[in-house]
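Visitor: Below is a structure I'd like to ask you about.
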Amino acid sequence: MSPTTTTILISSLATGTIITASSHHWLMAWAGLEMNTLAIIPMISKQHHPRATEAATKYFLTQAAASATILFSSTTNAWQTGTWDIINMTSPTANMLLTVALAMKLGLAPMHFWLPEVLQGSTIKTALIITTWQKLAPMTLIFMTSNTLPTTALLTMAMVSTLLGGWAGLNQTQTRKIMAYSSIAHLGWMAAITTIMPDLLALNLVLYLFMTTSMFYMLILLNSKNIKDMATSPTTSPTTTTLAMLTLLSLGGLPPLTGFMPKWLIIEELTTQNFTTTATILALSALLSLFFYLRLSYSSTITLAPNTTTTKHKWRFKPTINTTLLTTTLPTSLLMLPITPMIC
């Protein structure tokens, strides 16, 4: 893909997200979502491979259906209330339709089936964009309508997402699918706190973006597409492998790394609001996710100590990407947070 085409697509992605985030009218928000979808499709299918074409088709059909549902939801609300403002969603039917549509946009269970397959058919860089930047516009709409969305539906989707994200990730060997189920589980944590404390939703989203971006950049640096590649990475880049292990543990929410803080705060808030069943299920499902994070990090560091694994690759990888973004996201992802008690 030529630099000019790449620049146009990236600009369209940024413009679509900005339009959705800054709009007050549902038609403008819908237009921004459509720009996002149309810009990412060529990036997914640029490999000219049947799997990439299949992934692009699945992504387009899913996102088009979700956008149509959002438009139908906003039309229903405008029909009953006479306003197209995003913050004035007072129709229960429209709110339920909007919740389902945004869940489909994000990949929340049970509308998650497209996400692992699309990531597996994309390149790692495109998968990074899908799991980070493409979440911003729907999350902005969720944040703006959090006061009117149905709490019961979101809590149910949150429990199903965290359980399924942890359970389905146990049997995966492809790193992109593991990151897809990781995204599903993290989105479940965000959905659980959406209507209760939107500020925690924003905090969780920011930390998720930092950790996921750092992990994908590690996978790009190590050129790791499956667990087997991670197992041979310590001999070629031991420092990067160690940082990747710590980033995985942070994604899993292992204290005292960064990923522990939002999970702790969410469980505390759910317990305070008497959603103890939801908090218990989320805490137990976090153990499932942590298990495959530990398995992946163990497979990548088991050869660090002896360094005797034979490999056909050179002793060190030369960086193939611009590491500026990595140096800004990695410290935040691995930071041991002494400020957590102050936030509580």
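Cβ atoms here come from the backbone N, Cα and C positions, even for glycine.
Curation does not apply to TrEMBL; its annotations are automatic.
On a predicted model such as this, the values are computed, not experimentally measured, just so you know.
TrEMBL feature annotations, pasted as is:
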DOMAIN    23-287  domain 'NADH:quinone oxidoreductase/Mrp antiporter transmembrane'
TRANSMEM  56-74  transmembrane segment
TRANSMEM  94-115  transmembrane segment
TRANSMEM  152-171  transmembrane segment
TRANSMEM  178-196  transmembrane segment
TRANSMEM  202-222  transmembrane segment
TRANSMEM  243-262  transmembrane segment
TRANSMEM  274-294  transmembrane segment
DOMAIN    290-343  domain 'NADH dehydrogenase subunit 2 C-terminal'
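How buried are the listed features, and what sits near them?
Guide: Sequence-remote contacts of a segment are chain residues at least 6 beyond its ends whose Cβ falls under 8 Å from one of its Cβ atoms, and for the transmembrane segment (56-74) they are 26-27, 29-30, 33-34, 37, 40-41, 44-45, 84, 94-95, 97-98, 100-102, 104-105, 114, 117-118, 121, 130, 141.
Same-chain residues lying 6 or more positions outside the transmembrane segment (94-115) and placing a CB less than 8 Å from one of its CB atoms are 33, 58-59, 62-63, 65-67, 69-70, 72-74, 76-77, 80, 130, 135, 138-139, 141-142, 145, 148-150, 153-154, 157-158, 160-161, 164-165, 180, 183-184, 187-188, 191.
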Visitor: Return the average pLDDT for the domain 'NADH dehydrogenase subunit 2 C-terminal' (290-343) as a whole number.
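Guide: Computed over the domain 'NADH dehydrogenase subunit 2 C-terminal' (290-343), the mean pLDDT is 62 on the 0 to 100 scale.
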Visitor: Hey, which bits of the same chain come close to the transmembrane segment (202-222), Cβ under 8 Å, at least six residues off its ends?
Guide: 124-125, 127-128, 131-132, 135, 139, 143, 175, 179, 182-183, 186, 189-190, 193, 229-230, 233, 236-237, 240-241, 243-244, 247-248, 250-251, 258-259, 261-262, 265-266, 317, 319-321, 323, 325-326, 329-330, 332-334
